Amino acid sequence: RREGSMDPNMAGHTGASPFLVSPSTGRAMTPSASYGGGEDGKPAAGDAGAAFVLESKGTWWHAGFHLTTAMVGPTVLTLPYALRGMGWALGLAALTAVAAVTFYTYYLMSRVLDHREAAGRRHIRFRELAADVLGSGWVFYAVVTVQTAINAGITIGSILIAGNCLQIMYESLAPNGTLKLYHFIIIVAVVLSLFSQMPSFHSLRYINLGSLVLAFGYTILISGACIRAGMMSNAPVKDYSLSPSKSGKMYDAFLSISILATVFGNGILPEIQATLAPPAAGKMVKALVLCYTVVFFTFYLSAISGYWAFGNKVQSNALQSLMPDSGPSLAPTWLLGLAVVLVLLQLLAIALVYSQVAYEIMEKGSADAGHGRFSWRNLAPRVALRTLYVAACAFVAAALPFFGDIVGVVGALGFIPLDFVLPVVMYNMALAPPKRSAVYVINVAIMALFTGVGIIGAIASVRKLVLDAGQFKLFSDHVIS
């Protein structure tokens, strides 16, 4: 069968019923009423989550801003550490390979969404696209669980690191101050709860444009500082050797791959594509090109400059390498302070983006699409639920300041299935390329390879979690990284 020739009424695999089964009710739904709404691309009646949070008004460059914020964040500062686990040749090859694979899988997922839209079912949620194509209720709930864990984890991590940024600035100005990390986390949570009241994903478009500019700003500042540090007369000795033991090399390599998968992951591409004004076909490709242009500049500049300057002594965050625990800072105070401010501001944008799925789920159940978005009927529960969500994330951030290690495990178990495995599986099932075609074979190879990488990466991340366990302390005043 030729690519794209599958019956649009089929659920994506041989023997499927022309009707879809609702995971929530267990009842059959006609295609025109399935998950994403009617044939006109509008959300189904009464779906307040779609109507309010995932409103479809954006252009391709707006989607590009959303994608960039979802992918290009302070995690780029961990890329020198990822190279540390593999060395120059293998590290840069892995960075390039993961970049190419993720661009390809995101492109395939966009094609699947376009294919379903052309068939009269425009999906605006990852979980419902997966359930439609794979035709199983358990897939729906599995994707909900994994996606929710990722989104909450990134929101918690963003609040934690933003609080740490404030703490760094405070301690530089008041070395003997009495404020603790949790005080700064509370400040971040208050600010974030105010911004979280912005009603829709689309309403974040200019904030996410600012996020893109911020990413360029701190990447250039920190990379320039790393190059300067590496050229100083008292620069750290550059040693690019790997772990002397074979098991150490293996664990370091797979931990590095897990970091790369987390850095390139987003897990919310269908929700971002949902913000596009229909028809969305073809627009996400332009958005991906915009996003990966920023990715190419920021990721390679950060990875190469940080690893060149510090070698295998590089910290898990390049900024920490510039501010060693002992000895003077390796960069001017003004530069480090400005970089920290830019990182802090972008973390707020990242937390807002990854909170949108949670807000959509909450409003789908609590809001009434028959009333206005700003009516008291919808405004009161929105303010209460979103504030409560931010408060809960802030509490976890304050209680678990070692959350970075947990996020590493979540990344291996979450980003790899959502961003590497499911897109190729859904493409092969929805568009049904011939089994002997290059596309089908490549997709199966990616699925097999990254399933194995995800399992081993998760083991390596758990190993690091166990090794760092002795440093963990609830409500600690310092972030464990």
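From the backbone N, Cα and C atoms, a Cβ is placed for every residue, glycine too.
Feature annotations, courtesy of TrEMBL:
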REGION    1-42  region 'Disordered'
COMPBIAS  22-33  compositional bias 'Polar residues'
DOMAIN    57-462  domain 'Amino acid transporter transmembrane'
TRANSMEM  63-82  transmembrane segment
TRANSMEM  88-108  transmembrane segment
TRANSMEM  129-161  transmembrane segment
TRANSMEM  181-199  transmembrane segment
TRANSMEM  206-230  transmembrane segment
TRANSMEM  250-269  transmembrane segment
TRANSMEM  289-310  transmembrane segment
TRANSMEM  330-354  transmembrane segment
TRANSMEM  383-400  transmembrane segment
TRANSMEM  406-427  transmembrane segment
TRANSMEM  439-460  transmembrane segment
Chain residues in Cβ proximity to the transmembrane segment (250-269) (below 8 Å; excluding those fewer than six residues from its ends, i.e. six or more beyond): 67, 70-71, 75-76, 78-79, 81-86, 90-91, 94-95, 98-99, 102, 106, 109-110, 126, 146-147, 150-151, 242-243, 284, 295, 299, 353-354, 356-357, 407-408, 411-412, 414-416, 418-420, 450, 453-454, 456-461, 463-464
Residue numbers, six or more beyond the limits of the transmembrane segment (181-199), whose CB comes under 8 Å of its CB atoms: 52-53, 159-160, 162-164, 166-167, 170, 207, 348, 351-352, 355, 359, 373-374, 382-383, 386-387, 389-391, 393-394, 397-398, 401, 475-479
The transmembrane segment (206-230) in contact with the transmembrane segment (330-354), cutoff 8 A, at least 3 CB pairs, sep 6+: yes
Stretch in 63-82, 129-161, 330-354, 439-460 most in contact with the transmembrane segment (383-400), if contact is a CB pair under 8 A: 129-161
Dominant neighbour of the transmembrane segment (63-82) in 129-161, 330-354, 439-460, by Cβ pairs under 8 Å: 330-354
Folded-back contacts onto the transmembrane segment (439-460), same chain, C-beta under 8 angstroms, at least six residues removed: 3, 101, 104-105, 108, 251-252, 254-255, 257-258, 261, 409, 412-413, 416-417, 420-421, 424-425, 427-428, 433
